[in-house]
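Have a look at the structure below before the remarks.
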Amino acid sequence: MSYRLTVLGTGYLGATHAACMAALGYEVLGLDVDPGKVASLSAGELPIHEPGLEEILRQGLASGRLRFTTSYEEAAEFGDVHFICVGTPQKKGEYAADVSYLDAVVESLAPYLNRECVVVGKSTVPVGTAQRLADKLARLAPAGELVELVWNPEFLREGFAVRDTMRPDRIVLGVVSDKAEKVMREVYEPMLAEGTPVIITDYPTSELVKVAANAFLATKISFINAMAEVCEAAHADVKDLSLALSFDERIGGRFLNPGLGFGGGCLPKDIRAFMARAGELGADQALTFLREVDAINMRRRARMVDLARELAGGSFQGCTVAVLGAAFKPNSDDIRDSPALDVAVKIREQGGDVTVYDPVALGNARKAHPTLGFGASALDAAKGAHVVLLLTEWQEFIDLDPEELGGVVAARKIVDGRNALDAETWRASGWHYRALGRP
Ligand SMILES: NC(=O)c1ccc[n+]([C@@H]2O[C@H](COP(=O)([O-])OP(=O)(O)OC[C@H]3O[C@@H](n4cnc5c(N)ncnc54)[C@H](O)[C@@H]3O)[C@@H](O)[C@H]2O)c1
Ligand SMILES: O=c1ccn([C@@H]2O[C@H](COP(=O)(O)OP(=O)(O)O[C@H]3O[C@H](CO)[C@@H](O)[C@H](O)[C@H]3O)[C@@H](O)[C@H]2O)c(=O)[nH]1
């Protein structure tokens with residue numbers, strides 16, 4: 001059977017999911033409470049930067065299979081399967097996740113659900129949320145038990161979102177009935193046909209898989225960054241150390257890149273929400289190590305500021321600093337909890353004259369931090385700089401010519417915050433090259 005799908009919340013996750021599902025041949029209606037977002041998506045203009053997504057958005061619109069709306073009534077009438085993709089940000093001043101957007105979706109959608117359908121939660125949530133929302137759905141939906149909730153966490157990475165959605169490495173389904181499982185297996189049939197592993201489990205396990213995965217990834221990054229701290233103290237080289245570790249297949253080289261650490265709209269807030277939830281459940285001791293993971297991560301940002309100040313001669317007063325990178329990682333315009341911008345702001349606060357450049361995140365950065373300076377290109381941002389900081393490893397920064405950059409700066413001093421450059425090449429061009437965790 002071909003189901004009609006809705007995607008509720010069309011941000012980084014939802015816009016990707018909607019366009020990819022339309023690309024698989026489904027009729028899809030995306031819904032967002034932000035009318036500007038709906039207008040822009042309807043016009044084929046992606047409000048975010050995500051490689052390959054705008055093309056499939058446009059193909060979906062042209063095929064007539066993909067539309068966008070702000071109307072929950074229309075969504076309820078249209079959909080057989082409703083995917084919830086709204087945000088679960090960190091609460092202000094707390095570690096816990098704000099799940100109020102999920103409640104708002106259920107409260108807006110449920111009163112119109114008067115026939116059989118499946119509601120699928122994809123947002124990252126504290127364990128226990130799915131059962132609570134299922135109870136709420138049962139209370140509010142006129143169709144009652146004909147409406148079923150499934151929990152289906154999402155593991156896509158920004159920058160690879162289309163690929164990860166079309167070819168996920170696993171599909172996790174928290175279900176309470178065979179009927180809902182059957183519907184989900186049919187919806188994901190194109191992926192399952194390619195051999196994607198599927199894990200059928202209960203709500204709490206499915207919710208936990210997601211935060212456990214992010215906790216593991218964050219821990220791996222902080223592990224190598226803890227090694228970087230020790231390398232700094234011992235005059236050893238964390239890049240060589242990481243490479244040597246990577247050949248042990250039990251360890252592997254992925255997520256073992258030392259540097260400025262993790263940011264973004266997921267890893268930082270997810271480990272904090274996980275700790276908060278474990279605390280509520282009386283299992284806080286189990287996750288105390290995540291406090292250290294978080295602390296190691298934040299220390300990398302402080303260390304970067306210290307290293308930059310050292311190169312600036314001990315003070316940022318009267319010092320011009322070029323910051324290359326604003327996005328939390330390359331191939332994204334997402335600046336949520338961006339380590340690069342965090343460092344830029346701290347240096348500005350300490351009196352530095354900071355100019356930031358990023359290939360796609362400048363608009364977002366300027367909006368969030370109007371007091372920072374912004375350049376039109378890497379060379380423009382570096383004009384007259386006493387120190388250059390590479391904080392997001394965009395390919396165009398890795399490809400920079402040390403001679404050309406050297407021609408515009410006031411001093412050839414660079415800190416490679418992502419261990420992305422070839423130290424020898426830069427030193428050969430007369431640059432004072434420093435990197436986190438390396439001599
Ligand atoms: N961004 C990722 O790479 C990613 C990957 C996996 C999981 N997740 C999880 O997915 C969820 C969404 O993340 P995101 O990065 O897409 O967030 P986002 O902020 O980019 O998008 C959320 C969208 O929901 C909309 N919205 C808010 N309230 C709404 C409502 N009541 N009804 C309809 N729409 C509403 C917002 O306007 C926004 O467009 C989070 O729980 C996140 O942890 C994100
Ligand atoms: O070896 C590494 C790998 C990553 N990072 C940093 O870690 C952060 C997160 O990177 P990544 O995980 O690639 O980005 P996200 O798009 O936030 O994806 C994560 O968060 C998503 C939302 O939950 C999950 O779906 C993904 O599986 C999970 O990888 C970025 O700041 C990276 O610069 C490092 O410092 N070193």
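Each residue, glycine too, has its Cβ placed from N, Cα and C.
Please treat TrEMBL annotations as automatic predictions, because they have not gone through curation.
E158 (NAD(+) binding site) counts 25 other C-beta atoms within 10 Å of its own C-beta, drawing on all protein chains shown. If you look up TrEMBL, you'll see D32, K37, T88, T124, E158, K269, R336 marked as NAD(+) binding site.
For G263 (substrate binding site), the count of additional Cβ atoms within 10 Å of its Cβ stands at 23 [all protein chains shown]. Residues annotated as substrate binding site in TrEMBL: F155, L156, R157, E158, K210, F255, L256, N257, P258, G259, G263, K329.
What TrEMBL lists as active site, nucleophile is C266. Cβ-based neighbour count (10 Å, all protein chains) for C266 (active site, nucleophile) stands at 26.
Positions annotated as domain 'UDP-glucose/GDP-mannose dehydrogenase C-terminal' by TrEMBL: 322-423.
Per DSSP, the secondary structure of the domain 'UDP-glucose/GDP-mannose dehydrogenase C-terminal' (322-423) breaks down as 33 helix, 18 strand, 51 coil. Within 10 Å of P258 (substrate binding site), counting C-alpha to C-alpha distances, fall none of the binding-site residues K37, E158, R336. With a cut-off of under 6 Å between the Cβ and any atom of ligand 1, the recorded positions D32, T88, E158, P258, C266, K269 reduce to D32, T88, E158, C266. The local packing around K37 (NAD(+) binding site), expressed as other Cβ atoms within 10 Å of its Cβ over all shown chains, amounts to 20. In the vicinity of ligand 2, defined as a Cβ distance under 6 Å, the following of the recorded positions P258, G263, C266, K269 are placed: G263, C266.
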